[in-house]
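Take a look at the structure below.
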Amino acid sequence: MFSLLLLLLLLCNTGSHGFPAATSETQEQDVEIVQKYLKNYYNLNSDGVPVEKKRNSGLVVEKLKQMQQFFGLKVTGKPDAETLNVMKQPRCGVPDVAEFVLTPGNPRWENTHLTYRIENYTPDLSREDVDRAIEKAFQLWSNVSPLTFTKVSEGQADIMISFVRGDHRDNSPFDGPGGNLAHAFQPGPGIGGDAHFDEDERWTKNFRDYNLYRVAAHELGHSLGLSHSTDIGALMYPNYIYTGDVQLSQDDIDGIQAIYGPSENPVQPSGPQTPQVCDSKLTFDAITTLRGELMFFKDRFYMRTNSFYPEVELNFISVFWPQVPNGLQAAYEIADRDEVRFFKGNKYWAVRGQDVLYGYPKDIHRSFGFPSTVKNIDAAVFEEDTGKTYFFVAHECWRYDEYKQSMDTGYPKMIAEEFPGIGNKVDAVFQKDGFLYFFHGTRQYQFDFKTKRILTLQKANSWFNCRKN
């Protein structure tokens, strides 16, 4: 087993470019990470045979493929850099394929009025902060279902919550700082429904380390009968991602309501949906180039692609730029300055790589000279040959000279006049290889700036290598 994984790692390193050669010590550490990960979360040794003695190399490859498919990675059966990166991220301790099931079938609570008890408290936070985090986590689920939760201070509750470390006698020991943050058991008698948090982590109520409210909301989903979701935007996604806004996605809501039924509220709650890159109806809020790559923005997500790696990276905007808001409305790159600008409302942010530049956000009226009637920018693009930036606002476009730092006279003009054929509204635009690509709804127009002609008309998501659009 060890030698097989080492061989797979060597093959990955041989075939990769731009990465330093891994040392034998690093390779051994990576082998150990892969072994432990597949054992803990993908049931690699479910037959009782120790991992180190397994001789069925096909099983290892299949488990790697299973993990890669779950996380939306390129399915190779090899522990490549992307796979290892996901394996090294902090996450929930509940397996992705072998659930903590105490009863057969799909466990659920028969009673919808449940009790919970916090057995002990972490010293990282005040008792009030812990109580509030747990209460809010339960409230997320009660808001979208018929479930109610009552805190008790003594005796046995349906859901017992505790902070423990290492081996805490439930056959699922914690692993110290990082890695496995917490776990919870599905509904059932005894330990069923209980949630355990690793005391070796540092629990917080903000962005630092691990936000207790965020982790508790996930774990209590397991306590209610939910398994992990492959939807990166779902609260039940296994890896820890904290964006500052803890909310249930539509996937989470659909899951809990499939078990317990809809909320008793007269207006049924709904949650944000994660973009499906190959959805033919996909639209974009903003698009920009970034150091040779393309960045597409939708709600709280970005989609990242380039010509060298066909897989689309989908993640939260806040993971890449914590200081940049969700719901961006426009973006453009000035490549020779290595600078990208993001717009929302009357503010804009300038970034270099993953860093927001000092002094931002700034006001669009003061920086660019827009009149007060312009409340926001719909789309923007920097035209490299002329050094001009085009801003699209409703049916008009403005032209800004980046080097003179002033608006050009004669603008605004009607979009249909300046860029004939693309319509009178632009959702997003970028320049690549000398052409402009305009987006409106599900349509994309390739535009030749020199001849003022449309060259092609395609689906908006044609950059994502989808088989069908």
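Just so you know, glycine gets a Cβ as well, placed from its N, Cα and C.
Predicted, not measured: the structure shown is a model, and the values here were computed from it.
Annotated Ca(2+) 1 binding site per Swiss-Prot: Asp124, Glu199, in sequence order. The feature Zn(2+) 1 binding site is assigned by Swiss-Prot to His168, Asp170, His183, His196. Positions annotated as active site by Swiss-Prot, on the basis of experimental evidence: Glu219. The repeat 'Hemopexin 1' annotation in Swiss-Prot covers 275-324.
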Give the sequence-ordered set of same-chain residues, not counting His168, Asp170, His183, His196, with Cβ within 8 Å of the centre of the Cβ atoms defining the Zn(2+) 1 site.
Gly93, Ser162, Val164, Ser172, Pro173, Phe174, Asp194
Candidate with the highest Cβ count within 10 Å, taken from the binding-site residues His168, His183, His196:
His196
Cα-Cα distance linking the residue listed as 'active site' and His196 (Zn(2+) 1 binding site), given in Å to the nearest integer:
8
Out of the recorded positions listed (Asp124, Glu199, Glu219), which are within 10 Å of His183 (Zn(2+) 1 binding site), Cα to Cα?
Glu219
Quick one: Cα separation, Asp124 (Ca(2+) 1 binding site) versus the residue listed as 'active site', in Å?
19
List the residues of the same chain that sit at least 6 positions away from Asp170 (Zn(2+) 1 binding site) in sequence and have their Cβ under 8 Å from its Cβ, in sequence order, or write 'none'.
Phe185, Ile191, His196
With DSSP as the yardstick, break the repeat 'Hemopexin 1' (275-324) down into helix, strand and coil residue counts.
4 helix, 20 strand, 26 coil
I need the CA-to-CA distance for His168 (Zn(2+) 1 binding site) versus Glu199 (Ca(2+) 1 binding site), whole Å please.
11
With every protein chain in view, how many other Cβ atoms are within 10 Å of the Cβ of Asp124 (Ca(2+) 1 binding site)?
17
Find, for the listed recorded positions Glu199, Glu219, the residue with the lowest Cβ contact count at a 10 Å cut-off, counting only other Cβ atoms.
Glu199
